[in-house]
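Residues or ranges marked as compositional bias 'Low complexity' in TrEMBL: 387-404. Per TrEMBL, the feature region 'Disordered' maps to 387-413. Annotation comment: TrEMBL describes 25-48, 54-72, 84-103, 109-127, 134-154, 160-178, 206-224, 230-252, 273-296, 308-327, 361-377 as transmembrane segment.
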Amino acid sequence: MTAEAGPAEHSKEHPGELRVSTLELFFDLVFVFTLTQLTVLLAHHLTWTSAGRVLLIFIVLFWMYGAYAHLTNQVPPDRPARRLLLIAGMASFLLCALAIPGAFGDDGVAFGIGYLLVVLVHGALFIQANGWQTLWFAAPNALGAALIIAAGATDGTVADVLWIAAIALQLLTSRLVLRRADETTRAEEQRLGGVRSDHFVERHGLLLIVAFGESVIAIGVGLEELPLDAGTITATLLGLALAAGLWWAYFVRDEDAAEERLAAAGPQERFRLSINAYFYSFIPMLLGIVCLAAGVKKSLGHLFEHLHTGPAVALAGGVALYLAGDAAFRTVLGIRPRAGRAAAAAVALATVPLGTQVNAAVQLIALVAVIVALLAIEYRLAPCPTSEAPEATEEPGTSEATETPEPPTTPKA
């Protein structure tokens, strides 16, 4: 993750609203291929060991995705050198994605090398934008990549421990980054550009959209060897209904409220919120999409049969993870209501016996009903969610340090 914001001169290159570039969207499409690979890996091996390894792989990759997202938020890829480096980063993520099925086996070293390239390209982008004084931040990421390469050269418990150590190093780095942000003086805030809330929220919203799309594609690929009968079509449509409900839960209200909350925060707080909301809270949301897609894939062709425990847990756990992550997201940003999301996550988990004791159709219908009921109740009780962010207060002579005023608009003739 980015250590600190880039120099203000980079932000001034793009005054006003900053939109996500097509190259950034292209980058996200490549990154989301890793989610597709994780879905396939989980669907083929629905065990707790496999789920744990999917978690490890995702956290490692999503950490570096966040690093790129923070960097391009402050230094847009609008120059040939930056574009070429970003494309090199895409190629590195693609190598990691291709190696995911064997990341804990024969392709472990290949995954580690791909990850090291991801780190090195990001470091080159960061130095190219901010200078060599920021090189210190690349060191922990490079050490983490070395641990993953070492894990690829081993197997069993030793490999798992090395992966966990790499993630622990990342989490420690995030704490150091946040502490550094807390120690930033007001004079430094004037020199440094903060997270651009409009671009940052849009970027992660697009990532979520692409992830939903890839989950539908993953389900469709699972239909190749199945007859297109009523059961298969029904299971597919129920899976789509679940994805649509989860889309609704975030995009209809959360995205706009999140952008307002980030825009109202000062540079230090905005940086902290961006990590807590869009890294930590997004982990269960994106993994929820992966689990749900894997569960639906395993349900295809078995809609009216008892499910094994693995697919039933994947279906319920996918919805529960997403809703719990969204509840955490709302809590971080002070968006209401949020208690219903956590309660709905618990209810979703309670549908596991419906899949194992009745059939997949009943469990899928129950999960759709949980989401629809949640959205309907929230709409009735709180049609316009509010943010708990306090109104900005200005101290004499500090207004420029907290917010950059928008340029005056020219009246139309």
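Just so you know, glycine gets a Cβ as well, placed from its N, Cα and C.
As a quick check, the transmembrane segment (230-252) and the transmembrane segment (308-327) clear the bar of 3 or more Cβ pairs under 8 A, pairs 6 or more apart, so the two touch. Long-range contacts of the transmembrane segment (361-377) within its own chain (CB-CB distance under 8 A, at least 6 residues past either end) are made by residues 231, 234-235, 238-239, 241-242, 245-246, 248-249, 296, 299, 303-304, 307, 312, 315-316, 319, 323, 340-341, 344, 347-348, 351-352, 354-355. Proximity of the transmembrane segment (84-103) to the transmembrane segment (160-178) is not established, fewer than 3 Cβ-Cβ distances being under 8 Å for residue pairs spaced 6 or more apart. When each of the listed stretches 109-127, 134-154, 160-178, 206-224 is scored by C-beta pairs under 8 angstroms to the transmembrane segment (25-48), 206-224 comes out highest. Residues of the same chain lying 6 or more positions beyond the ends of the transmembrane segment (273-296) and with a Cβ under 8 Å from any Cβ of it are 1, 35, 38-39, 42-43, 46, 51, 54-55, 58-59, 62-63, 66, 69-70, 174, 177-178, 195, 200, 204, 207-208, 211-212, 215-216, 218-219, 222, 235-236, 238-239, 242-243, 246, 250, 258, 261-262, 265, 311-326, 328-329, 332-333, 364. Listed as Cβ neighbours of the transmembrane segment (160-178) (distance under 8 Å, sequence separation of 6 or more from its ends, same chain) are residues 1-4, 52-53, 56, 59-60, 63, 104, 137, 140-141, 143-145, 147-148, 150-151, 154, 271-272, 275, 279. Same-chain residues lying 6 or more positions outside the transmembrane segment (134-154) and placing a CB less than 8 Å from one of its CB atoms are 2-4, 60, 64, 67, 103, 107-113, 115-116, 118-120, 122-123, 126-127, 160, 162-163, 165-167, 169-170, 172-173, 177.
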